[in-house]
């Protein structure tokens with residue numbers, strides 16, 4: 001669609017990760033491996049935490065839902081990107097683009113909130129161990145996860161609706177490898193003040209709330225660990241939150257890097273790299289972080305592979 005054309009867009013053209021023809025096959029194979037590892041790793045976490053009788057604790061309940069969110073987030077982006085590499089067709093229909101944006105927002109917002117919920121869970125477990133199972137009850141776990149998904153859904157509906165309430169009539173080339181809010185705002189031929197404000201307030205509120213909960217939780221966790229007299233107790237306490245702390249650090253550093261860049265410093269390459277990291281790479285890394293650094297998960301995997309029937313939880 002040429003600039004200045006007054007016809008409303010019915011489809012968009014996504015910009016590929018690289019326009020170099022020689023890199024298309026290597027990139028396709030690389031992202032196919034990444035997505036395959038993401039699916040295998042997160043499905044493994046979901047299955048293990050669902051069936052293993054020794055992983056029926058709040059921490060692994062939240063981990064299961066983090067794996068569901070990671071799998072969903074990656075699945076929203078990766079298959080379409082792989083199709084573009086394979087058939088060299090970069091177009092995406094208007095309503096398909098809206099669905100992709102809404103789904104992406106649902107999963108990414110749910111992940112942001114869920115990570116703060118998991119930080120609170122680790123805070124209670126370490127700072128109030130005797131009251132842990134009372135405070136973090138199964139009912140509260142279901143409520144927190146339910147509210148997380150509800151908030152993610154409401155944010156996705158509000159933000160995506162505001163973005164697709166605009167008219168796209170100047171260009172339909174999205175300077176990104178998937179339908180994201182900022183690249184879509186740049187294509188509008190109408191006033192973007194209200195949608196841009198909604199996107200900014202939503203992103204800022206979510207990051208501020210989640211980071212505050214995480215920082216306050218881990219500040220109290222560190223204080224509690226330092227007060228422990230036993231070095232063995234300190235080591236055990238730290239090991240219970242090391243995996244989550246690693247995942248939180250990687251995720252929020254990437255998000256903050258993306259959001260704190262000034263608009264003038266944005267480039268297609270840097271935006272693609274950071275977006276690719278938190279939409280494709282982090283969902284692949286999280287199962288590795290939680291399995292390689294977690295003795296319970298490794299033991300559950302060993303039990304499941306050697307004797308699956310004995311590892312099933314009692315129904």
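Including glycine, each Cβ sits where the backbone N, Cα and C put it.
According to TrEMBL, the transmembrane segment annotation covers 27-49 (among others).
Taken from TrEMBL, the feature domain 'G-protein coupled receptors family 1 profile' applies to 41-290.
Residues annotated as transmembrane segment in TrEMBL: 61-86 (among others).
If you look up TrEMBL, you'll see 92-116 (among others) marked as transmembrane segment. Residues of the same chain lying 6 or more positions beyond the ends of the transmembrane segment (92-116) and with a Cβ under 8 Å from any Cβ of it are 9-14, 62, 65-66, 69-70, 72-73, 76-77, 80, 145, 148-149, 151-153, 155-157, 159-160, 163-164, 174, 178-181, 184, 202, 206-207, 209-211, 213-214, 217, 244, 247-248, 251-252, 255, 278-279.
Taken from TrEMBL, the feature transmembrane segment covers 151-170 (among others).
According to TrEMBL, the transmembrane segment annotation covers 207-226 (among others).
Here TrEMBL flags 238-257 (among others) as transmembrane segment. Sequence-distant contacts of the transmembrane segment (238-257) (same chain, six or more residues past either end, CB-CB distance under 8 Å): 59, 66, 111-112, 115, 118-119, 122, 125-126, 207, 210-211, 214, 218, 221, 225, 274, 277-278, 282, 285-286, 289-290, 293-295.
Listed as Cβ neighbours of the transmembrane segment (277-293) (distance under 8 Å, sequence separation of 6 or more from its ends, same chain) are residues 31, 34-35, 37-38, 41-42, 44-45, 63, 66-67, 70-71, 73-74, 77-78, 104, 108, 178, 239, 242-243, 246-247, 250-251, 254-255, 258, 301. Taken from TrEMBL, the feature transmembrane segment covers 277-293 (among others).
Remote same-chain partners of the transmembrane segment (61-86), defined as residues 6 or more beyond its termini with a Cβ less than 8 Å from a stretch Cβ, comprise 14, 16-17, 24-25, 27-28, 31-32, 34-35, 38-39, 41-43, 45-46, 49-50, 92, 100, 103-104, 106-108, 110-111, 114-115, 117-118, 121, 138, 141, 144-145, 148, 177-178, 247, 279-280, 282-284, 286-287, 290.
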